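Going by Swiss-Prot, these are the annotated features:
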- 1-30: signal peptide (SIGNAL)
- 33-155: domain 'Bulb-type lectin' (DOMAIN)
- ASN113: N-linked glycosylation site (CARBOHYD)
- ASN120: N-linked glycosylation site (CARBOHYD)
- ASN244: N-linked glycosylation site (CARBOHYD)
- ASN260: N-linked glycosylation site (CARBOHYD)
- 350-430: domain 'PAN' (DOMAIN)
- CYS380-CYS405: disulfide bond (DISULFID)
- CYS388-CYS390: disulfide bond (DISULFID)
- ASN389: N-linked glycosylation site (CARBOHYD)
Amino acid sequence: MKGVGKPYENSHTSFLLVFFVLTLFSPAFSINTLSSIESLKISNSRTLVSPGNVLELGFFRTPSSSRWYLGMWYKKLSERTYVWVANRDNPLSCSIGTLKISNMNLVLLDHSNKSLWSTNHTRGNERSPVVAELLANGNFVLRDSNKNDRSGFLWQSFDYPTDTLLPEMKLGYDLRTGLNRFLTSWRSSDDPSSGDFSYKLQTRRLPEFYLFKDDFLVHRSGPWNGVGFSGMPEDQKLSYMVYNFTQNSEEVAYTFLMTNNSIYSRLTISSSGYFERLTWTPSSGMWNVFWSSPEDFQCDVYKICGAYSYCDVNTSPVCNCIQRFDPSNVQEWGLRAWSGGCRRRTRLSCSGDGFTRMKKMKLPETTMAIVDRSIGLKECEKRCLSDCNCTAFANADIRNGGTGCVIWTGQLEDIRTYFANGQDLYVRLAPADLV
């Protein structure tokens, strides 16, 4: 028939036209990015994978639960290990969920299009498109699509950790924004909702980390002494890891870096209340616990021995009065009720006082201490002697022979001794007790 082409010719032409249009106008697909016209859905099982194929972001559910979460895990390990969960306390109730970009924010929608989680940021240029990207270090960021560096970040998952600290993540305060980055345990090994334990930085005087069970302080790390935290001597330098603690006008934060990126290591607060360093062992296909804190529930329990006493796992009982101090209540002390602590045999005279040196110690709690990083140990001793309220002193930094000064003017609490590491603490004594 004139003017009518063969059916297969029209079909072939239409197919080529559709293919050309889709190729020309469809967004460029990248395995680690999500554009404003793309989405992640439980139904399509799409995930984002970091460059290097180390970490993967997508939807998951735990074996015993029907609830769904948006989270991140190690991609290539035989043991599924989650390192971040977006909606840990607001899970999807069924297998219908969508992550997309809306109004310059990442939004997680449930089966009724109700928002269960959002980045909820308010800054940015509305005329500039945004993109979500999973970076090589595991940081999931929402950024200006025209800026690939940190200046373009509108939001980042590194600012909102769950129970895990990855290399390059920071634990502590951003003083410019007031943001406090801390870890909170899972409710159980099979439930990612917020659990009982949290690990937070306190920044008064000499910063250190506190482990809380709900609102109760159960352990403290001891202050950073330039090498590590004085109450965590197990966390020593490894050839493939660099530790850093920053304290300046912009931030007070701890981080660690890997010098060998083929090794996977992380810090985690477990559902049972342990802060742990874990490193993956390929030969065994398991996470190896390098150290765990609290190390023991004798000497690592907060203030177990009371004021002016110290804990030593190698003595019986474990609580001991500082040299030239005696139990405040001898009867209770004999019953191993140590919370009353110890008291001086001789009151300080403020003239002719001296010091006893305690080696390999976890420094006392520092929230009321006085810190001066500009002077050394000798000047620190003089300053302590010139203050009748001074009860002890120590170096703030133990590197290069010791620098800086920490002075205590109140009771000395939560002290313990170690077989190795720790640092020197100088406790003030009256002249009669120096013999």
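Each Cβ is built from the backbone N, Cα and C atoms, and glycine gets one as well.
Since the structure is predicted, the reported quantities are computational estimates derived from the model, not experimental observations.
Positions of Swiss-Prot features highlighted on the structure.
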| residue | record | Cβ within 10 Å |
| --- | --- | --- |
| ASN113 | N-linked glycosylation site | 9 |
| ASN120 | N-linked glycosylation site | 10 |
| ASN244 | N-linked glycosylation site | 11 |
| ASN260 | N-linked glycosylation site | 10 |
| CYS380 | disulfide bond | 24 |
| CYS388 | disulfide bond | 12 |
| ASN389 | N-linked glycosylation site | 13 |
| CYS390 | disulfide bond | 21 |
| CYS405 | disulfide bond | 26 |
Integer Å distance between the CA atoms belonging to CYS380 (disulfide bond) and ASN389 (N-linked glycosylation site): 14
Cα distance (Å, whole number) from CYS380 (disulfide bond) to CYS390 (disulfide bond): 11
Residues of the domain 'Bulb-type lectin' (33-155) by DSSP state, where helix covers H, G and I: 3 helix, 52 strand, 68 coil
CYS405 (disulfide bond) to ASN113 (N-linked glycosylation site) - Cα separation in whole Å: 57
Mean predicted confidence [pLDDT] for the domain 'Bulb-type lectin' (33-155): 94
Cα separation, ASN120 (N-linked glycosylation site) to CYS380 (disulfide bond) (Å, whole number): 48
Structural state of CYS405 (disulfide bond), classified by DSSP into three states: strand
Helix, strand or coil at CYS380 (disulfide bond) [DSSP, three-state]: helix
Nearest recorded site to ASN260 (N-linked glycosylation site) by CA-CA distance, among recorded positions ASN113, ASN120, ASN244, CYS388: ASN244
Nearest of the glycosylation sites (ASN113, ASN120, ASN244) to CYS388 (disulfide bond) - Cα to Cα: ASN244
Pairwise CA distance, ASN113 (N-linked glycosylation site) versus ASN244 (N-linked glycosylation site), rounded so that it is a whole Å: 43
